[in-house]
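Okay, so here's the structure we're looking at.
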Ligand SMILES: O=c1[nH]c(=O)c2[nH]c(=O)[nH]c2[nH]1
């Protein structure tokens, strides 16, 4: 009559902090993450027959995150995700896949009197670095890295004209507008056969390349549209990091509307005279794309 068609379980929102203390220099390095682990396998009977013998308790999964964080580096987060996924799929014969998501929060070192401080940090924005991984027994490790919540704005160098017009169209064409978005960028790595292959990758360099390219293209492109600008970002990241299969962006177009102030003593604040704008919180455009390397294989 009925059958279990989807089953995954685990611990979400495991908050983790690790400090590395260099004894010689006294310099501390800190990492803070929020971890999610979801397991898959021969666990049907825990749902259908109240059989808890197949359940690796979610508390056990949380304890494992802390123990493996003590025994291994937790940065780069891609590597720690693969370490966790490999642990769960190799330790428990009936667990066949582990989905590990890690959100890495920013702690940026303070500069005091022009010098980097050895043990003081600040949160320099809402931006996070995210990893979504799947480790599947006998298949490998699939990893998607992401930047999220990175808010950017340019005050010129963006246009939008030549778009389709019909009886529903009210928007005027513009050759000079404000462009602002919250960058959500993802990059899918080629399928790794095992943890050793994961450990050979410089994930921090790829994250830096993706972030630098996002900034450089955003700043320097004479943007014809969000669509055209984001495609250039994807194309350049694929070229910079050969181990990637695909790059994707999801960009809200955060509109800034002109305010006509001519009713007040003829104040000029439209077109080339516009300096005061009304930022809009909603609705917003939402432009998405994925650009794949030709011939890339499917992910897990
Ligand atoms: O860059 C843009 N892309 C669109 O698809 C679009 N649509 C719109 O109203 N403004 C914009 N801007």
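Using N, Cα and C of the backbone, Cβ positions are placed for all residues, glycine too.
All TrEMBL annotations are machine predictions without curation.
Pulled from TrEMBL:
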type: ACT_SITE; residues: 11; note: active site, charge relay system
type: ACT_SITE; residues: 58; note: active site, charge relay system
type: BINDING; residues: 58, 59, 160, 177, 226, 227, 253; note: urate binding site
type: BINDING; residues: 226, 227, 253; note: 5-hydroxyisourate binding site
type: BINDING; residues: 253; note: O2 binding site
type: ACT_SITE; residues: 255; note: active site, charge relay system
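Everything TrEMBL records as a feature, shown here on the structure.
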residue: 11; record: active site, charge relay system; DSSP (3 states): strand
residue: 58; record: active site, charge relay system; DSSP (3 states): helix
residue: 160; record: urate binding site; DSSP (3 states): strand
residue: 177; record: urate binding site; DSSP (3 states): coil
residue: 226; record: urate binding site; DSSP (3 states): helix
residue: 253; record: urate binding site; DSSP (3 states): strand
(request) Identify, in sequence order, the residues in the chain of residue 11 (active site, charge relay system) that are 6 or more apart from it along the sequence and have a CB within less than 8 Å of its CB; answer 'none' if there are none. (result) 35, 36, 37, 58, 59, 61, 62, 65
(request) Take the Cβ of residue 160 (urate binding site) and count every other Cβ within 10 Å, whichever protein chain it belongs to. (result) 21
(message) Using a 6 Å cut-off on Cβ distance, which of the recorded positions 58, 59, 177, 255 come close to any atom of ligand 1?
(response) none
(message) Fewest other C-beta atoms within 10 angstroms of its own C-beta: which of the recorded positions 177, 255 fits that?
(response) 255
(request) Inside 10 Å of the Cβ of residue 253 (urate binding site), count up the other Cβ atoms and send me the figure. (result) 18
(request) Can you tell me how spread out the 5-hydroxyisourate site is, meaning the largest CA to CA distance among 226, 227, 253, in Å? (result) 10
(request) Under 8 Å Cβ to Cβ from residue 227 (urate binding site), same chain, six or more residues apart: give me those in sequence order, or none if nothing qualifies. (result) 287, 289
(message) Applying a 10 Å Cβ distance cut-off over all chains shown, what neighbour count does residue 59 (urate binding site) have?
(response) 9
(request) Round to a whole number and give the Cα-to-Cα distance in Å for the pair residue 226 (urate binding site) and residue 255 (active site, charge relay system). (result) 12
(message) I need the least crowded one of these recorded positions (58, 226), counting other C-beta atoms within 10 angstroms of each C-beta.
(response) 58
(request) Give the maximum pairwise CA distance in Å, whole number, for the residues 58, 59, 160, 177, 226, 227, 253 listed as binding urate. (result) 52
